[in-house]
């Protein structure tokens, strides 16, 4: 039995609020159960130096957690003067996943900057961030079209992207781990896929006990099922 009482293949309650903030070109509040993340997509003229005069745009991501998004307050990374390795890893994951969904040539020499701010954490913050940010990007691209930054016929969005966590908890593969499960799981895996059914990234780690190829296949099957439900629900 899972702590939440959910079935092994059951997602948490999923809710999306578009236009959650006033100023960003695209903004979404995404909620997976008690995990809540604000995802914004800001359009900035120009590109980094390594993209200058390439005719292509760029997409990059930042990720952070509010001090009391977790059970115990933690100091802001800005106050510590250094990002943690975890934060840097998650930022790179979000950026990689989302760049796979956008035709950077089609947005011209503009940069889409993603900000994912966790306001409440209960497991799965990185996967919620990816899913919410993909929705925010779609809204930002629509904003660009409506405001003459892109031709209305342009289609920079190659696909949508969603992500979910799976794992082995009490020797059973489970979908969409909350904090209680994640902190006690024998295996934790994050799966990122696009709306075309393609796999973008898989991160899987055994926690003190290895997992078999059969267990991997079961977890991947759960992830595919969950992501399909996410696309059907919020995209």
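Backbone N, Cα and C define each Cβ position, glycine as well.
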Would you identify which residue of 86, 99 Swiss-Prot lists as part of the phosphate site it also attributes to 124, 125, 126? 86
Determine which residues of the same chain, besides 86, 124, 125, 126, have their CB within 8 A of the center of the CB atoms at the recorded phosphate site, and list them by sequence. 63, 90, 118, 121, 123, 127, 128, 129
Most distant Cα pair in Å, residues 86, 124, 125, 126 binding phosphate: 13
